[in-house]
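Let me begin by presenting the structure, written as structure tokens, before commenting on it.
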Amino acid sequence: MSLIRTILKLVVVVGFLSLTVQFIRHWMANKQYVFTKEEVAKLAKQYAGQDHEQAFSKVVVELRRRYPGHILPDEDLQWVFVNAGGWMGSMCLLHASLTEYVLLFGTAVDTGGHSGRYWAEISDTIISGTFRQWKEGTTKSETYYPGDTIVHSAGEATSVQWSSGTWMVEYGRGFIPSTLGFALADTMFSTQDFLTLFYTARVYVKGMILEASTFLTESGVL
């Protein structure tokens, strides 16, 4: 009887998880999104090759003009270290929701490692430096330069390498909470830099609050 109960519980759990995944997939396939990867890439490409700090300032100004209420204010912008997959970089989150994010990303030192495998599509447009990618199932790598956009498809895994001084604009679309395990695992279990963990969680929550506030305002609730 104990074995039967265990099997029944397992069936219920698997069934519940399957329904949850199907619901999320249906929701993501039919919801309206704020950004498109083409729009973000086109905007970033205008400033490729420029000094990255000046380029980022222009990108932020233009994003705020095009998407009012969806980009964090200056007082909430913060460069935060990211340790994941063996590499180390820094990000500045501009927008965050359950299904989208926009951020500035890069590194001041040579670094590389595993890309991670996500339930999300991620695209990066290079402003400065070089990015090298070795895709799963291939025997050769490709190198990308300022103005290039690299698309990391959902479920894909690659080896990644950035040269020092590589900076880019990144847009992600998918079930964003599913990416946090990879993004935070090294911080939690390797570097144990819990201050960085706090900074990361805080800015993501701020992005979620801003998005919720904008949604309620546009819906006429606030």
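FYI, residue positions are counted from 1 along the chain as it appears here.
Here the Cβ of each residue, glycine as well, is placed from N, Cα and C on the backbone.
Just so it is clear, the model here is predicted, and its values are computed rather than measured.
If you look up Swiss-Prot, you'll see 1-6 marked as topological domain 'Lumenal', on the strength of similarity to another entry.
Within the same chain, residues 99, 174-175 sit at least 6 positions outside the transmembrane segment (7-29) and bring their C-beta atoms closer than 8 Å to a C-beta of that stretch. The annotation transmembrane segment is assigned in Swiss-Prot to 7-29.
The helix, strand and coil residue counts that DSSP assigns across the region 'Important for ligand-binding' (97-104) are 0 helix, 5 strand, 3 coil. The region 'Important for ligand-binding' annotation in Swiss-Prot covers 97-104.
Other Cβ atoms within 10 Å of the Cβ of ASP124 (site 'Important for ligand binding'), summed over all protein chains shown, number 27. Residues annotated as site 'Important for ligand binding' in Swiss-Prot: ASP124 (among others).
Taken from Swiss-Prot, the feature site 'Important for ligand binding' applies to GLU170 (among others), supported by similarity to another entry. DSSP assigns GLU170 (site 'Important for ligand binding') to a strand in the three-state reduction. Long-range neighbours of GLU170 (site 'Important for ligand binding') (same chain, six or more residues apart, CB within less than 8 Å of its CB): MET91, TYR101, VAL102, LEU103, LEU104, PHE105, ILE122, SER123, ASP124, THR125.
Summarising model confidence by region, the region 'C-terminal hydrophobic region' (175-222) averages a pLDDT of 89. For 175-222, the entry in Swiss-Prot reads region 'C-terminal hydrophobic region', with the evidence type a curator's inference.
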For the region 'C-terminal hydrophobic region' (175-222), the number of residues DSSP places in helix, strand and coil: 41 helix, 0 strand, 7 coil
